[in-house]
Amino acid sequence: MTLLETNFEEIALSTQPGNEVPGPPADDGVRLQPEMSRLNGVTVIVGSVIGCGIFVSLPGVLERTGSFNLALIVWLLSGLFSMTGAYCYAELGKMIRTTGGDYGCTKTAFGPFLAFIRLWVECIIVRPCSQAILALAFAVFILKSIYLESDPPYVSVILLATCCICFLAFINCWDVKWSTFVQDYFTYAKLLALAIIILTGVYQLATGHTYYFTFENTETDKPQIALSFYACLFAYNGWNNLNFIIEELKDPVRDLPLNRDSTLSLLGVTIVYLLANVAYCTTLSPADVLASGPVALTFTSKFNGIFTRIIAFFVAISSFGALNGSILTSSRLFYAGALEGQMPKILSMIQVSRMTPTPAVIVLALLSICYLPVTNIDLLIITIGSATWLSIGLAVCCIPYLGLTQPNKYRFNLLAIVCSIIFFLATLILTVLALIANPWQT
């Protein structure tokens with residue numbers, strides 16, 4: 001009997017939004033099982049944030065900033081922006097503990113209609129497109145280790161990316177422990193790849209390679225600079241993923257504060273990203289970066305072929321791990337939407353022998369595959385930027401709204417309210433400027 005032929009049983013939530021994390025299910029109930037440890041929660045955050053963005057995004061940033069110095073400033077500001085959002089999400093996570101993350105927060109604060117719009121935008125566009133980007137990055141980097149001097153065949157990229165999505169969908173359907181195992185160990189591989197790049201950059205700095213660090217040709221068009229933020233923010237995206245798997249943490253009361261720690265984790269990620277981009281700038285001219293595809297490979301190609309093949313492999317592993325984390329968490333968004341009656345009912349069903357949301361994983365994988373023919377990664381990143389960050393800004397806006405309308409139930413501190421307002425206004429400004437610069441994609 002195949003996996004698809006196995007019977008499914010529907011699960012319904014026994015709690016309302018805003019209540020404590022649900023307790024054990026009744027004997028006749030089926031639900032997602034709490035199998036994730038504290039370490040798994042950490043690797044979901046780190047593994048989701050550090051994907052392919054740091055290895056491919058610099059050309060898209062430099063194209064819209066014009067100079068390396070302004071590009072580095074944009075990377076720094078994007079990190080601070082993400083840290084602010086992570087802090088706000090931590091405060092939301094303490095008050096609203098529901099599977100589905102920021103979707104559940106939006107529904108609690110603004111009601112079912114706005115949550116419905118936000119859910120479908122993310123499920124049909126943002127999440128599948130993000131996974132297509134990661135799958136394409138995996139395929140490109142794996143094939144680049146073979147085709148060092150030329151672009152890999154288009155059909156090969158599509159087929160390999162499709163196989164990657166299908167394989168990870170199977171892993172996530174089969175056993176949550178398997179997917180967390182992949183997440184844990186592939187996170188270590190991506191950190192090793194970044195360490196190699198950064199140490200190479202330190203050597204280059206020590207030998208005086210600083211002549212590309214200028215403000216020459218800096219872009220002054222504000223809408224174009226806004227688009228550069230989208231390329232950077234894609235590299236930072238993923239810090240909100242722990243909210244999507246609250247129901248599957250072994251001890252959510254203890255482990256959920258990890259989401260607060262993600263603010264400090266993002267500080268570390270910001271430093272690592274800045275160091276990696278500094279490393280690129282020590283070796284590559286602006287013309288080299290703009291003419292490159294994956295900037296990490298262009299960087300390593302300046303040294304020797306073996307080095308390039310090693311980095312290409314590790315970057316592929318990084319993208320693979322990030323894709324796994326994205327499928328793990330995004331499928332729970334489909335699942336949560338179906339539980340609320342805002343997605344097809346079958347997506348709220350769980351495979352009874354594996355205790356995984358198999359229908360949600362399969363539908364997510366199929367939607368992701370639909371985006372693969374658009375192999376221009378930079379185009380896909382800019383396309384989903386406004387939808388991604390406006391959705392996140394909307395969720396953060398729940399803090400001041402709930403704090404004002406239900407102060408007795410939702411007691412947010414003043415810092416969280418101020419940060420949430422600043423964050424929401426920043427996302428609104430970015431969206432408006434992006435709409436001016438590129439109305440069709442926005």
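For all residues, glycine too, the Cβ spot is worked out from N, Cα and C.
As annotated by TrEMBL, transmembrane segment applies to 41-62 (among others).
Feature annotation from TrEMBL assigns transmembrane segment to 68-90 (among others).
Positions annotated as transmembrane segment by TrEMBL: 124-147 (among others). Same-chain residues lying 6+ beyond the ends of the transmembrane segment (124-147) with a Cβ under 8 Å from its Cβ atoms: 51-52, 55-56, 153, 156-158, 160-162, 164-165, 234, 237, 293-294, 297, 308-309, 312-313, 315-316, 319-320, 322-323, 326-327, 330, 333, 364, 367-372, 374-375, 377, 380-381, 383-384, 387-388, 391.
Taken from TrEMBL, the feature transmembrane segment covers 153-173 (among others).
If one looks beyond the transmembrane segment (185-205) by at least 6 residues along the same chain, the residues whose Cβ comes under 8 Å of a Cβ in the stretch are 43, 46-47, 50-51, 54-55, 272, 275-276, 278-280, 282-283, 296, 299-300, 303, 310-311, 314-315, 317-318, 320-322, 324. Here TrEMBL flags 185-205 (among others) as transmembrane segment.
The transmembrane segment annotation in TrEMBL covers 225-246 (among others).
Listed as Cβ neighbours of the transmembrane segment (266-286) (distance under 8 Å, sequence separation of 6 or more from its ends, same chain) are residues 46, 49-50, 54, 58, 62, 67-68, 71-72, 75-76, 79-80, 82-83, 86, 194, 197-198, 200-202, 204-205, 209-210, 212-213, 217, 235-236, 239, 292, 295-296, 298-299, 302. What TrEMBL records for 266-286 (among others) is transmembrane segment.
Among the features that TrEMBL reports, transmembrane segment is placed at 306-335 (among others).
According to TrEMBL, the feature transmembrane segment maps to 356-374 (among others).
Sequence-distant contacts of the transmembrane segment (380-402), counting only residues of its own chain at least 6 positions beyond either end whose CB sits under 8 Å from a CB of the stretch, comprise 53, 57, 60, 85, 88-89, 91-92, 95-96, 101-103, 105-106, 108-110, 114, 118, 121-122, 125-126, 129-130, 132-133, 136, 227, 229-231, 233-234, 237, 240, 371, 374, 409-410, 412, 416-417, 420-421, 423-424, 426-428, 430-431, 434-435, 438, 441-442. Annotation comment: TrEMBL describes 380-402 (among others) as transmembrane segment.
The annotation transmembrane segment is assigned in TrEMBL to 414-437 (among others).
Panel annotation: around the transmembrane segment (153-173), residues 3, 131-132, 135-136, 138-140, 142-143, 179, 182, 320, 323-324, 327-328, 331, 351, 354, 356, 358, 361-362, 364-365, 368-369, 372-373, 375 of the same chain, lying at least six beyond its termini, place a Cβ under 8 Å from a Cβ of the stretch.
Within its own chain, the transmembrane segment (356-374) has Cβ neighbours under 8 Å at 3, 8, 32, 123-124, 127-129, 131-132, 135-136, 158, 161-162, 165-166, 168-169, 172-176, 327, 330-332, 334-335, 338, 346-347, 349-350, 380, counting only residues six or more beyond its boundaries. Remote same-chain partners of the transmembrane segment (414-437), defined as residues 6 or more beyond its termini with a Cβ less than 8 Å from a stretch Cβ, comprise 81, 84-85, 87-88, 91, 221-227, 229-230, 382, 385-386, 389-390, 392-394, 396-400, 403.
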